[in-house]
Amino acid sequence: MALLLQLLPLLLSRAQGDPGASLDGRPGDRVNLSCVGVSHPIRWAWAPSFPACKGLSKGRRPILWASSSGIPTVPPLQTFAGRLRSLDPGIRRLELLLSAGDSGTFFCRGRHEDESRTVLHVLGDRADCRAPGTTPASVYPQLLIPLLGAGLLLGLGAFGAVWWQRRRSPPPPLRPLPRFALSPPHSSIRESGAPEASKGGGAQDSRGLGPGAGKGWGMGRGW
């Protein structure tokens, strides 16, 4: 009975792996993931701690399978492509180049459904996906200054393009004179009609004063 109690933790560790294994690291570090208590590993899986920061859903996703050729199979579109490799043909030990957002639990599954777990925490990973000490008030100036600079450059570029285009284009043609400027002035019309008016007036006066003039002339002669 005492021997059974001593072997019970060992049996549980073989059935469930090592639930207490954990690793810490920074982005750019290389860490080793090991199967503990698994006799024939066949695949690895990963459950992210902050899936929203990676645009992923919750739950496990396979990251590596054992192969009869001795070359492990890595899904081409998985998160760790190009950063994860097996250190032995039996995929018992893996090496991972850490990146932000890699925090999570790695599961090594055996042929007999036995399993090993390793919890990885990447320093700097947070549930709100922001760097420590970053607040919205400090983010706004960092975004506003580049935007203002880009707007100023675009405005100067547009002004320079318009100026260069106007310099190269020929001058616009002269506008035609308005129609009233081509007609003779009113004074010339009056001057051209004045002699006719005087002629007509003289004839009218000579006709109108003819009889009176003669009568007056006679009266003068009588004096």
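For all residues, glycine too, the Cβ spot is worked out from N, Cα and C.
Just so you know, TrEMBL annotations never went through curation; they're auto-generated.
Sequence annotations record features per position, and here TrEMBL assigns signal peptide to 1-17.
Residue counts for the domain 'Ig-like' (9-120) under DSSP, helix first, then strand, then coil, are 12 helix, 44 strand, 56 coil. According to TrEMBL, the feature domain 'Ig-like' maps to 9-120.
Within the chain carrying the transmembrane segment (143-164), a Cβ under 8 angstroms from the stretch's Cβ atoms is held by none of the residues 6 or more beyond its ends. The transmembrane segment annotation in TrEMBL covers 143-164.
Taken from TrEMBL, the feature region 'Disordered' applies to 173-223.
The compositional bias 'Gly residues' feature in TrEMBL is assigned to 199-223.
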